[in-house]
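Colleague: Here it is, the structure, as structure tokens.
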Amino acid sequence: MPAVSRRAVLGGAGAGLAVGAVGGAWGGRASARDTRPSPGSARVAFHGPRQGGIVEPAQARVEWAAFDLLPGTGRDRAAGLLRDWSAAAARMAAGEPGGDGGGGIALDAGPNSLTVTFGFGASLFDKLGLADRRPPALAALPAFPGDALDPARSDGDLWVQIGADDALVAVHALRVLRRLAAGTAAPRWQMAGFSRTPGATARPMTGRNLMGQVDGTNNPRPQDPDFAAKVFATGPDWMAGGSYAVLRRIRMLLDDWESLPTDRQERLVGRRKSDGAPLSGGPDAGERTPVDLAATAPDGALAIAPDAHVRVAAPASNGGAAMLRRGFSFHDGLLADGAPDAGLLFAAFQADPARGFVPVQQRLARGDGLSRFLRHEAGALFAVPPGAPEGGYVGQPLLEG
Ligand SMILES: C=CC1=C(C)c2cc3[nH]c(cc4nc(cc5[nH]c(cc1n2)c(C)c5CCC(=O)O)C(CCC(=O)O)=C4C)c(C)c3C=C
Ligand SMILES: [Fe+2]
């Protein structure tokens, strides 16, 4: 298959998505003119200066998995695993079989915009005798008020994020990578999430979370002049062009949330539920209307309440702190009390968590109205190295340097 740049592939994916919405995706009438490729054929090149799964739109399905190195695993074995994982990920991203262990479950499907992202936890550096090369930005995060993080579902030596617009494709990739890890690393925890399916809406729009809010509007955008400075690290050498991923499994108290009237829900967020417009903007505002934190209502009260989520989280309230949020919903059945075990697999990518996530979460944990309806149940921080060139593997400069 010819090498295709990530940008070119994504452009193609956009064209393909329209076909899924109109053509035979639901077994409906397919006209003779529907000759464009299906959404399943969209692909994101694995090799490149940056790993996939950071700036690409969230796919319909995500699998997160953390692994711990088996006792006695040294740098050579770990390097071999990253070499095998990278090679398999590159094959699968190109729509080729990943190798043994996938059970044939993705045989009929295209790559479906598959991305595989690899991350390194702080504990990996100690185990491989690389403590002197652990980046300062990977220092343990502080404990935040209200945190109730389950150690069995937190942290890990290695992290794999698999995104695809088809669940079978994502699960297949996970099975392949898991098989390749046998004898070198053991699964520590695994989580599955979802996002909107391409073509599900009449026009592409920012997705919604399980609280029903349009979520992701004020993310930094790749065209912003300071985007790379916010999201990508400049060092140490092996991390230049990489990023740091903060993960949180945040359960939502959905039954309590859904019992609130819409205007109270909107006040707690600071945006309208129907279209995501800021409450500071008046009836004609839209999702992209800039938030005005100083705006007041006719009665003199702040249009965006003091404890509204967007006020407390805004860069302007946190000394400019910013991150790229790329979360997925989860819905994992019922808890013992019958409440849904559902919420957000929150992921934030940034150049330095101490300047991105930490100040924001410190303020949110204390003064965010939304946090009364949220429970932080698991968390992790991983260094996400830059992408690997053709023929190389993710983390090679660290593991062979
Ligand atoms: C520490 C960082 C953040 C956590 C944790 C977090 C959890 C969380 N957020 C929502 C819903 C929304 N968040 C929105 C905006 C927003 N959130 C954060 C940070 C965290 N959120 C930031 C930095 C921002 C942008 C603020 C700004 O600049 O305006 C929004 C509004 C739409 C948007 O801009 O994305 C919603 C809705 C939930 C449900 C949640 C935990 C489950
Ligand atoms: Fe948020």
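From the backbone N, Cα and C atoms, a Cβ is placed for every residue, glycine too.
Here's the feature list from TrEMBL:
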type	residues	note
COMPBIAS	264-275	compositional bias 'Basic and acidic residues'
DOMAIN	51-194	domain 'Dyp-type peroxidase N-terminal'
DOMAIN	207-387	domain 'Dyp-type peroxidase C-terminal'
REGION	28-48	region 'Disordered'
REGION	195-229	region 'Disordered'
REGION	264-291	region 'Disordered'
Colleague: How do the residues of the region 'Disordered' (195-229) split into helix, strand and coil according to DSSP?
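Modeller: Residue counts in helix, strand and coil order: 3 helix, 2 strand, 30 coil.
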Colleague: With helix taken as DSSP H, G or I, strand as E or B and everything else coil, how many residues of the compositional bias 'Basic and acidic residues' (264-275) land in each class?
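Modeller: Output for the compositional bias 'Basic and acidic residues' (264-275) reads 6 helix, 1 strand, 5 coil.
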Colleague: How many helix, strand and coil residues does the domain 'Dyp-type peroxidase N-terminal' (51-194) contain under DSSP?
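Modeller: Reading the DSSP string over the domain 'Dyp-type peroxidase N-terminal' (51-194) gives 49 helix, 32 strand, 63 coil.
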Colleague: If you average per-residue pLDDT over the domain 'Dyp-type peroxidase C-terminal' (207-387), what number do you get?
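Modeller: Across the domain 'Dyp-type peroxidase C-terminal' (207-387), the average pLDDT comes out at 98.
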